[in-house]
Each structure stands twice: as structure tokens, then as C-alpha cells.
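Q: Features from TrEMBL:
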TRANSMEM  18-37  transmembrane segment
DOMAIN    19-438  domain 'Major facilitator superfamily (MFS) profile'
TRANSMEM  58-80  transmembrane segment
TRANSMEM  92-125  transmembrane segment
TRANSMEM  176-195  transmembrane segment
TRANSMEM  256-280  transmembrane segment
TRANSMEM  292-312  transmembrane segment
TRANSMEM  324-344  transmembrane segment
TRANSMEM  350-371  transmembrane segment
TRANSMEM  383-402  transmembrane segment
TRANSMEM  414-436  transmembrane segment
REGION    488-522  region 'Disordered'
COMPBIAS  497-514  compositional bias 'Basic and acidic residues'
Amino acid sequence: MPAGTTTNLGDTPPDGGWGWAVVFGSFICIGFSYAFPKALTIYFKEIQEFFSISYSEIAWVSSIMLATMYAGGPVSSILVNRYGSRPVVIAGGLMCAAAMVTASFGTTIMHLYICIGIIGGMGLAFNLQPALTIIGKYFFIKRPIANGLTMAGSPVFLSTLAPLNQFLLDSFGWRGAFFILGAILLNGCVAGALMRPIGPQNPNPNRNGSSTAAMEDGKVSQDVGVLSGKGQQQRTGCADRINKLIDLSLFKHRGFLIYLVGNVIMFFGFFAPIVFLAPYARHLGIDEYRSAFLLSILALVDMFARPGTGLLANTRWIRPRIQYFFSLSVAYNGVCHLLCPLATGYVGLVIYAIFFGVAFGMVCALLFEVLMDMVGAQRFSSAVGLVTIIECGPVLLGPPIAGALVDIFMDYKYMYYACGAIMLAAGIFLFIMNFYNYRRLEQEEKEKLAAAVEFTADNEQSTLNTAMEATAGDEQSTLNTAVEVTADDEQSTLNTAEEKKSLEVPAQEKKDDPPCTFETES
């Protein structure tokens with residue numbers, strides 16, 4: 001949106017160079033963050049039989065992992081603002097590896113909730129946030145393309161991990177497979193090493209994108225606090241410290257609020273169709289490998305859909321109105337889910353996986369690009385943190401609710417109907433509200449332009465009046481000065497003439513006097 005294009009980025013992003021190595025590192029981080037919870041569904045059937053639990057209970061594993069990944073957003077944002085992307089990603093890779101290794105020794109489902117869900121989810125949060133944030137520092141003109149390539153990591157890793165997990169499950173069981181996956185997740189540390197810091201560090205971003213402005217705002221707030229009392233000063237200082245960690249002024253941003261509400265609705269039905277795709281295929285009597293291959297087909301299509309969406313979004317026709325494009329992508333997902341129950345065989349599920357892969361790739365490629373377009377790259381880290389912690393609720397509750405629908409009706413089609421209706425409603429909401437937001441922005445722009453014209457006219461009139469007053473004053477002053485000088489000259493001439501006359505009169509009197517004679521006595 002227009003607000004995003006006016007944000008002060010500090011230094012101009014290079015739009016290339018080492019930035020492509022950063023894109024590769026972010027590609028790995030995004031791949032692990034989004035593909036790993038989905039790929040774990042391959043083990044759900046085995047774990048469900050091992051612990052003798054229901055569909056909804058096993059669905060909590062991936063739900064807790066995704067919810068923790070989203071809930072850890074503000075923590076990750078604060079750490080990124082403080083220390084940069086590289087150390088945070090490396091720490092996240094270590095946490096993910098430790099989580100999977102400890103989960104391989106689990107004896108209860110609660111153990112998996114804690115290890116995979118909480119510890120592993122927090123590790124993924126430390127991979128996701130820095131990977132998204134650093135792209136905005138290295139790219140601006142080519143940012144949609146860079147985001148599309150980065151988000152393509154999820155389908156590439158999903159298409160790789162789905163058959164790999166099935167192979168590991170058949171060869172080593174779920175415990176041995178978890179142990180091996182822990183070693184694979186250490187590659188996140190390598191990805192973090194590629195994220196070289198760029199430009200001067202700005203640990204305290206504020207609403208103006210300037211640490212200097214933040215310091216000035218803090219100084220003004222402290223002065224106000226001193227004037228209004230010690231208690232007010234303490235409250236102001238606390239607010240300043242919070243704003244230095246994360247920008248809460250985003251809740252006053254109209255476009256951000258529209259994005260947030262739409263995404264909360266959307267995420268109730270976003271992940272459940274993928275989580276239950278392979279179990280749905282098995283429910284229809286399809287063997288395990290062909291069921292797992294559906295995820296590979298979806299990931300393969302998704303792999304090309306994300307960069308293609310990034311290229312399309314970077315065009316001059318789409319980028320100025322990219323919010324509409326995102327709304328249509330969300331609604332397209334809903335239509336795919338509503339039509340999924342019509343597929344009663346493997347061919348129908350393959351067709352669904354293809355169309356769903358395109359729709360899912362479009363949403364994922366645009367999900368964070370539209371947010372960065374709204375708030376700008378400088379406030380993006382705080383925006384992602386606030387969005388993810390609020391979205392963790394629907395991410396956590398979505399798959400278990402879908403699993404509960406399967407348990408109640410003993411059929412998957414009602415779950416797909418519900419998810420499709422939710423996604424379609426979210427897409428319609430976003431389209432209508434973005435239309436309203438664009439109209440308001442245009443109206444506000446016209447009002448600002450009119451106010452600027454009026455202000456310019458007032459300034460010109462004021463300048464003209466001032467100039468006229470100054471000219472009149474100068475003319476009066478010049479006239480007064482001329483009169484005074486003339487009067488002084490006339491008075492000086494008169495005085496000089498009188499002085500000369502006074503000198504001539506005594507001399508004449510002295511000349512006219514008769515000479516003195518002295519008579520002597522004879």
C-alpha cells in the first residue's frame with residue numbers, strides 16, 4: 001500500500017549481491033518452519049496406534065508446534081531487533097534438533113506435546129521471523145520475487161520430507177526417524193550463518209522508522225512526565241521501553257487491523273486440509289505410499305506457484321493493488337476445499353492436490369509480502385511478531401476442531417466443507433475491507449493535497465502581506481530619514497550663515513571707529 005512505499009529504510013537495499021545467499025538461507029529456514037509440521041503427519045497413524053489415542057489428540061502435536069511457532073513471534077522479533085537475524089536462527093536450529101532427539105525417547109503423547117510442540121515450535125519461530133525480516137533489508141524493488149523464492153522453500157522441503165519420512169518410518173520406526181530428523185534440522189544453523197548483517201543496526205525501530213526520532217519522542221515524553229509528576233514519568237518510561245522492544249502503534253494502523261482480522265478468520269481453516277489430506281486418502285482405501293505422494297504432488301505444484309506468484313505480484317498491474325490479489329487467493333482456497341469432497345478416488349484427489357497446491361502457493365507467497373507492503377520494511381519485524389502471536393489461537397484450534405468433526409461424523413467431507421466456508425468468508429471479508437481501505441486512502445490523499453494547496457496559498461498571501469508591510473515601512477522610513485536629513489542640512493546652513501554674519505559685524509564696527517588722539521600740554 002502507499003504507506004509502505006514511503007517508509008524510510010535508512011540505507012538503500014542492494015537488491016542483489018550477497019542478498020541471493022541470504023535468500024538461500026531464508027529458503028532453508030522457511031522450508032523447515034512450514035514444511036516440517038506438515039511432514040510429521042506421515043507419522044500420525046503409527047503414533048496414534050502406538051499410544052491408542054484419537055484423531056483429535058494426535059492432531060494436537062502439529063497444532064501445538066504451529067501455535068508455538070506463531071506465539072513465539074514477539075520473542076523472536078525482540079531478539080532480532082536486539083541481536084540481528086544470524087544468532088537467532090542458529091539458536092533456533094539447535095532447539096529444533098534437541099526437540100526431535102528428546103522426542104524420540106518419548107513414552108507418552110504428553111511428552112511429544114512438550115518436546116515437538118513447545119520446544120520444537122519455539123525453535124521454528126526463531127527460524128521463521130529472522131528469515132522474513134532480513135529479506136526486507138536486502139531487497140526492495142525485487143522484494144516480491146525474493147519473497148516468492150524464499151517461500152518456495154516450504155513446498156520444496158515438503159516434497160522431499162514426505163517420501164523421506166515414509167522411508168525413515170518403514171526403515172527405523174518413528175523413534176529412529178525422529179532421531180535422524182534431529183540431525184537434519186541442524187542445517188538451520190548453516191542457514192543462519194549465511195544471514196550477514198547489513199547496514200547500521202537500528203535496534204529501536206519506531207513508527208517513523210528512525211531511532212533518532214524515537215530518542216526525541218522519549219525525550220519529549222520524559223519532559224512531559226517531569227512536568228506532570230513522578231507517577232506519570234514512570235508510566236511514560238515504561239511505555240517507551242515497550243515501544244523500543246516492539247511497535248505497539250501498529251494497532252492504530254487501519255490496513256494492519258484489516259489484515260489481522262482477515263488472517264485470524266482464515267487460519268481456522270488454513271492448515272487442517274493439509275494435515276488431514278494423507279489420512280483422508282487412507283480413509284478412502286488408498287495405500288500409504290500413494291497417500292504420502294499426494295503431499296509430494298501438492299508440494300511440487302506449490303513449489304512453482306510461489307515464485308510464479310511473486311513474479312506476477314511484482315508487475316506494475318498487480319503490485320499497486322496487491323491486497324486484492326491476496327484476497328482472491330484466499331477465496332480460491334475456500335472454493336478448492338468446498339469441491340474436495342466430490343473427489344471419491346485417487347485421480348480426484350490428485351486433481352484436488354494440483355489446484356490446492358496452486359491456491360496454497362499463492363496465499364503463502366503473498367502472506368507476508370502484503371504485510372510488508374502495508375507497514376513498510378522498518379516496522380515489519382514488529383508487525384510479524386504481533387500478527388503471529390494473535391494468529392496462534394486459530395492455528396492451535398483449527399486442526400483439533402477439524403479432527404473433532406471427523407470423530408463426530410466419522411467422515412472427512414464435513415471437515416473440508418467447514419474449512420472451505422471459513423476460507424471463502426475470509427477472502428470476501430478481505431476483499432471488501434481492502435476496497436474500503438483503498439477508497440479511504442485516496443480520500444485522505446485528496447484531503448492532504450487540498451490542505452497543502454490551502455496552506456501554500458495562505459503562506460503566499462501572508463508572505464505578500466509581510467512584503468507589502470515591509471516595503472511600506474521601508475518607504476516611510478526612507479522618507480522620514482530624507483526629511484530629517486534635509487531639515488538638518490537647512491538648519492546647519494542657517495547656523496553657518498548666522499555664524500559668519502556675527503563674525504562680520506564686529507569687524508565692521510571696529511573699522512568705523514575714529515582713531516584715538518592724545519593731546520599734550522605745551
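The first residue you see is number 1, and the count goes up from there.
Positions of Cβ are set from backbone N, Cα and C atoms, glycine also.
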Q: Which bits of the chain, at least 6 residues beyond where the transmembrane segment (414-436) starts or stops, bring a Cβ under 8 A of a Cβ in it?
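A: Distal contacts: 258-259, 261-263, 265-266, 268-270, 272-273, 276, 323-324, 326-341, 402-403, 405-406.
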Q: Report the listed stretch (18-37, 58-80, 256-280, 292-312, 383-402) having the maximum count of Cβ pairs within less than 8 Å of the transmembrane segment (350-371).
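A: Per the Cβ count, the answer is 292-312.
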Q: Sort out for me which stretch, of 58-80, 176-195, 292-312, 324-344, has the most Cβ pairs below 8 angstroms to the transmembrane segment (383-402).
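A: Counting Cβ pairs under 8 Å, the winner is 58-80.
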Q: Is the transmembrane segment (18-37) packed against any residues at least 6 beyond its ends, judged by a Cβ distance under 8 Å, and which are they?
A: 62, 65-66, 69, 89, 92, 96, 124-125, 127-128, 130-132, 134-135, 138-139, 146, 149-158, 161, 185, 187-188, 190-196, 271, 299, 364
Q: Counting only CB pairs under 8 A, let me know which of 176-195, 256-280, 324-344 has the most with the transmembrane segment (58-80).
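A: Answer is 256-280, with the largest number of Cβ pairs below 8 Å.
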Q: Could you tell me the mean pLDDT over the domain 'Major facilitator superfamily (MFS) profile' (19-438), as a whole number?
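A: Mean pLDDT across the domain 'Major facilitator superfamily (MFS) profile' (19-438) comes out at 82.
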Q: Using Cβ atoms and a strict cutoff of less than 8 Å, what residues sit near the transmembrane segment (324-344) while being 6 or more residues removed from its termini?
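A: That would be 262, 266, 269-270, 273, 284, 309, 312-313, 318, 351-352, 355-356, 359-360, 362-363, 366-367, 370, 412-413, 416-417, 419-428, 430-431, 434-435.
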